[in-house]
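Asker: Look at Swiss-Prot and you will find Asp80 tagged as active site, nucleophile, backed by sequence analysis. If you look up Swiss-Prot, you'll see Phe27, Asn129, Phe329 marked as substrate binding site, on the strength of sequence analysis. Among the features that Swiss-Prot reports, domain 'TRUD' is placed at 155-303, with the record citing sequence analysis.
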Amino acid sequence: MIEFDNLTYLHGKPQGTGLLKANPEDFVVVEDLGFEPDGEGEHILVRILKNGCNTRFVADALAKFLKIHAREVSFAGQKDKHAVTEQWLCARVPGKEMPDLSAFQLEGCQVLEYVRHKRKLRLGALKGNAFTLVLREVSNRDDVEQRLIDICVKGVPNYFGAQRFGIGGSNLQGALRWAQTNTPVRDRNKRSFWLSAARSALFNQIVAERLKKADVNQVVDGDALQLAGRGSWFVATTEELAELQRRVNDKELMITAALPGSGEWGTQREALAFEQAAVAAETELQALLVREKVEAARRAMLLYPQQLSWNWWDDVTVEIRFWLPAGSFATSVVRELINTTGDYAHIAE
């Protein structure tokens, strides 16, 4: 299995280094739900601004304040502890008057607004995230500048970030131990983290191998293509390759890679043979996903940061802004720009 740091680059390995997250204010994330709260209902959506505390910790504190069970507080996604992040929590408080959440106090956390909503906010139920990053001590401004220009046109590999695999790869290691021993894992969080790490690692491997051996944007017979921004996909045939290639070049269609699991992967013929060969050595992880009935799915191989802009504060400091759809990783953008240094180079987003 290829480690995250050794995955193939789209724009070649960066020539320079830089410091990511010199302080939490250098990594700002604003969650974009993609919908407006209902203004009524048995749930309360709470928009918070936090710094120095993780999402689960804040959710548990909110549950305690509201005197409800922790499972009654949900969120769309985990946000990094070592960053300034704005996100929504959702508390189920039926048949009660609206509580005064301005009285909720937690160090490093501030309630920005709260409003009634009809439905529970479920994991993954967000449109995306807006990022503002500051890279410091950049050693090669010209290289970073050119890479930013190239990323605007060609995007970056849509890798799952190192944080998906846990500190030091602990989640992937747990998945491997589980696969090898077949010992039941009763902790639901561990099961979820480990299965997610296993499938993500296989996806990364497929994308890395495709980058090594071919133009990642070149449609081949049997590729599974999806409309940009959509989840559905269809299979490319030789008769359609020229037209499909034009649509891929226009970013109307995206070539996908497998998220392996049970059931058909989605590709056929040449593309399927390539994907199977790319992860042929990882039989234990594949068997684990099938055994645990994790359904195979597809994910775009390339990621195009939207609204990408940057501003050099000086020759060694650059502020970068962009928006990514849900499930994408800002660190997968940064790794195409610089070799990161610092304690938080690979801490979870």
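Note: Cβ is positioned from N, Cα and C throughout, glycine not excepted.
What does the local environment look like for each feature on the list?
Answerer: For the recorded site, Asp80 (active site, nucleophile), the DSSP three-state label reads coil.
Taken together, the residues in the domain 'TRUD' (155-303) have a mean pLDDT of 93 on the 0 to 100 scale.
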Asker: Which three-state DSSP class does Phe27 (substrate binding site) fall into?
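Answerer: The three-state answer is strand.
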Asker: Using C-alpha atoms, which one of the binding-site residues Phe27, Asn129, Phe329 comes nearest to Asp80 (active site, nucleophile)?
Answerer: Phe27
